[in-house]
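Below: one structure, written as structure tokens.
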Amino acid sequence: MSIQRRYYNDYFIEGVSLYNENINPYDGDLFHETPLALVFFSHLTSTFSDFYVSLVFIVCDLITAFVLYYTSKIYTENLLKQQTKTKHVYNKEFNKLLIPDDFSVINPFYVCSVYMLNPYTVFSCIARTTTVFNNLFLALCLYSMVKRHRLLGCLSLVLASLPTFYTFGLLAPLMISCAPIDSKKKTGSFIITFLTCGTISCSLLYLCYTIMNEWTFLDSVYGFILNVRDLKPNIGLFWYFFTEMFEHFRALFVCAFQLNASVLYVIPLSIRLRRDPLLLATSLLTLTAVFKSYPSIGDVGFYLSLLPIHRHLFYFMQQAFIVSCFFVGCTVFAPTVWHLWIYSRSANANFYFGVTLAFATTQIFLITDLLFAYIKREFALKHGMKRMINGKEARLMLD
């Protein structure tokens, strides 16, 4: 259901046990969560029984769904207001492309339902992975974007990024959403948001230091992610490449892979999607879930629950059926091939990696289709839906 560093039941409990015995859990290569999480779960397990601990995970998922519901509602209402203001620049055929007024009622229900009924999020909750809490902080960050709450957005973003720095790329859509319309004041707003996030990050890292009285957790948490030390198979791509790679090429490919997973897409996507920060955030979360060192199905389930927010783009998507079939196929085949490889020993790593590669490719096709649908809708609103070349009807295609 998840990868080693995200398990609560096994590795987290052992780390908490070592901490309660006054043994530094970061001395070995076992525990890779932050000291804040360590203290939180130490108090949680010592205060509540196992049943109530499970209940905490369920409640967190319910709160996440509740926050996503209102995020979708506010975002759709903002889209409707923007649509009313910009009607005068639309093509005369734009009526087919208008967002219906009932979207602000229906969309939030879809988002909440997809999150609560998605097998990926359900399995993460059953497995009691720390992804459940990470999703809650990400949901609060997205809510802060649509509400333009700078402090709450920075705090939730830092809390989501503390165990894994990849989501810090959401600073870009947060800065854009919190910036005023006046272009003269945008630079100052960007700086304030950046400094606020930086201050909160430094404060929490120092708090982690005061808990452990040493900085060894930095290498155990962030060095572990950056250097890809654990090559146990997961749903990502890193493990196979670095298992097969010659050691003297490792540093080069670690840098290349980590740049691709963290900052490579932030600037170009921020420039192109600056008018829609929530779509930018969805895109970055999708790319992070595909390319980061240790992804989990909870990461995939979270960004899938954001897709109904952008339901007005579905009309222009061309690969929805193919993507859906591949999602179902990979979800079924992954545990099957895993069983054949690990337990029956009638398959090998190539079989499982083939499924994970297909799964990653499917996610790339999904986000590419969504982004191209956004571009096509923008074009159709201004120029109309019918395009003629040499007297024949033409279509916009992604080359």
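Please read every residue number as a count from 1 along the shown chain.
Note: Cβ is positioned from N, Cα and C throughout, glycine not excepted.
Remember, TrEMBL labels are computer predictions, not curated facts.
Now, the feature entries from TrEMBL:
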type: TRANSMEM; residues: 51-71; note: transmembrane segment
type: TRANSMEM; residues: 120-143; note: transmembrane segment
type: TRANSMEM; residues: 155-176; note: transmembrane segment
type: TRANSMEM; residues: 188-209; note: transmembrane segment
type: TRANSMEM; residues: 248-267; note: transmembrane segment
type: TRANSMEM; residues: 320-343; note: transmembrane segment
type: TRANSMEM; residues: 349-375; note: transmembrane segment
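In this chain, the transmembrane segment (155-176) lies in contact with the transmembrane segment (248-267); the count of Cβ pairs under 8 Å, excluding pairs fewer than 6 apart in sequence, is at least 3. Residues 34-36, 150-151, 153-155, 157-159, 161-162, 168, 171, 174-175, 178-180, 215, 217-218 of the same chain lie 6+ residues outside the transmembrane segment (188-209) yet bring a C-beta within less than 8 angstroms of a C-beta in it. Long-range Cβ contacts of the transmembrane segment (349-375) within its own chain (Cβ-Cβ under 8 Å, at least 6 residues beyond either end) map to 233-237, 240, 243, 273, 276, 279, 282-283, 286-287, 289-291, 300, 307, 310, 313-320, 322-323, 326-327, 329-330, 333-334, 337-338, 340-341, 398.
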